[in-house]
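One structure is given here, and the rest of the page talks about it.
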Amino acid sequence: MTTPKKLYIKTYGCQMNVYDSERMSEALSGEGYVPTDSPDDADMILLNTCHIREKAAEKVYSELGRYKGLKAEKPDLKIGVAGCVAQAEGEEIMRRQPMVDLVVGPQSYHRLPELEAKARSGERALDTDFPEEDKFEHLKSRPKASRGPTAFLTVQEGCDKFCAFCVVPYTRGAEVSRPASRVLDEARDLVERGVREITLLGQNVNAYHGAGTDGDWGLARLIYALADIDGLERIRFTTSHPNDMDDDLIEAHANCSKLMPYLHLPVQAGSDKILKRMNRQHTAESYIKLMERLREARPDLHVSGDFIVGFPEETEEDFQDTLNLIKTVKYGSAFSFKYSPRPGTPAAERPQVPEDEKNDRLQRLQALLSQQQRELQDAMVGREVSVLFEKPGRQAGQMVGKSEYLHAVHVTADGLNPGDLRKVRIINSGPNSLSGVLI
Ligand code: SAH
Ligand code: SF4
Ligand code: F3S
């Protein structure tokens, strides 16, 4: 028997990259690779990269720099770059980094086995095509290994919205939805392997419009069909765009008990002037109204959002509009970023906000968001939640899981196992998590 080769994958960026890394690992398992947690004993190192902000993209080059010594010691070591930086800068990576053997974009990674063989034979391999064929169909052969209680499942990919700041439409390509039957097959397979909670992924997941048994299905229809799978207890989806939040999906938050009361709905800014320049195609008011409708459907809904500060030509007044929107909506959690000019996007060409201004706004924004987060989290004390336990905690006898609202919850009790779904009374709110007792 030949000894298996070892594959080390390092993943940056969004959850879709996490999912893609799993699929790449599976694709290469067919070529005799087993995963390893350490780059030092790897036969192949694969960086699955993110291009969303400048800092994210720079990480690739500094990480590659670290592997120089390793590659010199082990000439057979193959180094690959995948993901969104590969897509955006593949040729440049090849030019700047002779140590890189393989570059593969997010829409062509089903071709990894051929690319790997090419790299093994001593040639450098680059594939950043947007192929016609469905990559998911070429990635069917999953090993039937058991898995943890939660999983991601990509149902939609790519984006046609072209927000003025964003690289995703360029790195991921046009919006495509997978057929419902494929999604349902994959979900059943995951459930057979121990998964109890599935998070449906898409760059604009609520724009999902996959082929169903009777014409195209929207995301709500897909969620109802998934909810019929025995053993699947929880469904989440991310990330959504406000303009794709249709009536059916709002109603699903009221009608589908397996759909969790947590919604990530980025708004980016609270000033209509800035929203317009961002090409978001909605106003602050329409977003706030939408949130109201969602909370009518599901009064205990926890919402999270994404915010950008210092977008070109954002004034202090515009920024105040963002703070006001946050005060109105009240977020249970949020991600916030300084605007980062990205090559090839329209906003990069506009007059920029000075860096110290951006820093100052980010600080003020984050202070408000963490205050809200803290208040909403503290308000959970005394309440009963359901917790899906995922793994042991740091203390003896402790298990950690997630509430329906996506809070991390610690419980110390005998006989709890990953995958258990239990009622818990919250007794304490810590800096980043809650703790509770079984009911
Ligand atoms: N599809 C999702 C978001 C994808 S990117 C949506 O439409 O909301 C994730 C987040 O990164 C965005 O919501 C935005 O807040 C942030 N982001 C994207 N491009 C950025 C840039 N150039 N600078 C700073 N933040 C950015
Ligand atoms: Fe980027 Fe906008 Fe598309 Fe989201 S909707 S991925 S922010 S272009
Ligand atoms: Fe980054 Fe690409 Fe995801 S740019 S955020 S890895 S879609």
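Using the three backbone atoms N, Cα and C, a Cβ is placed for every residue, glycine included.
The feature domain 'MTTase N-terminal' is assigned by TrEMBL to 5-121.
According to TrEMBL, the feature [4Fe-4S] cluster 1 binding site maps to Cys14, Cys50, Cys84. Of all the Cβ atoms in the protein chains shown, 22 others lie within 10 Å of the Cβ of Cys50 ([4Fe-4S] cluster 1 binding site).
Averaged over the domain 'Radical SAM core' (145-375), the predicted model has a pLDDT of 97. The domain 'Radical SAM core' annotation in TrEMBL covers 145-375.
Look at TrEMBL and you will find Cys159, Cys163, Cys166 tagged as [4Fe-4S] cluster 2 binding site. There are 21 other Cβ atoms within 10 Å of the Cβ belonging to Cys163 ([4Fe-4S] cluster 2 binding site).
Per TrEMBL, coiled coil is recorded for 355-382.
Here TrEMBL flags 378-439 as domain 'TRAM'. Mapped onto DSSP helix, strand and coil, the domain 'TRAM' (378-439) counts 1 helix, 34 strand, 27 coil.
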Listed binding-site residues with Cβ under 6 Å from ligand 2, out of Cys14, Cys50, Cys84: none
Residue, out of the binding-site residues Cys14, Cys84, Cys166, whose Cβ gathers the largest set of other Cβ atoms within 10 Å: Cys84
Contacting binding-site residues for ligand 3, chosen from Cys159, Cys163, Cys166 when the Cβ sits under 6 angstroms of any of its atoms: none
Neighbourhood of Cys159 ([4Fe-4S] cluster 2 binding site) by C-beta distance under 8 A, where only residues 6 or more apart in the same chain count: Cys166, Val168, Pro169, Arg172, Ala174, Glu175, Gln203, Asn204
Sequence-ordered binding-site residues from Cys50, Cys84, Cys166 with Cβ under 6 Å of an atom of ligand 1: Cys166
Secondary structure content of the domain 'MTTase N-terminal' (5-121), with strand meaning DSSP E or B: 63 helix, 24 strand, 30 coil
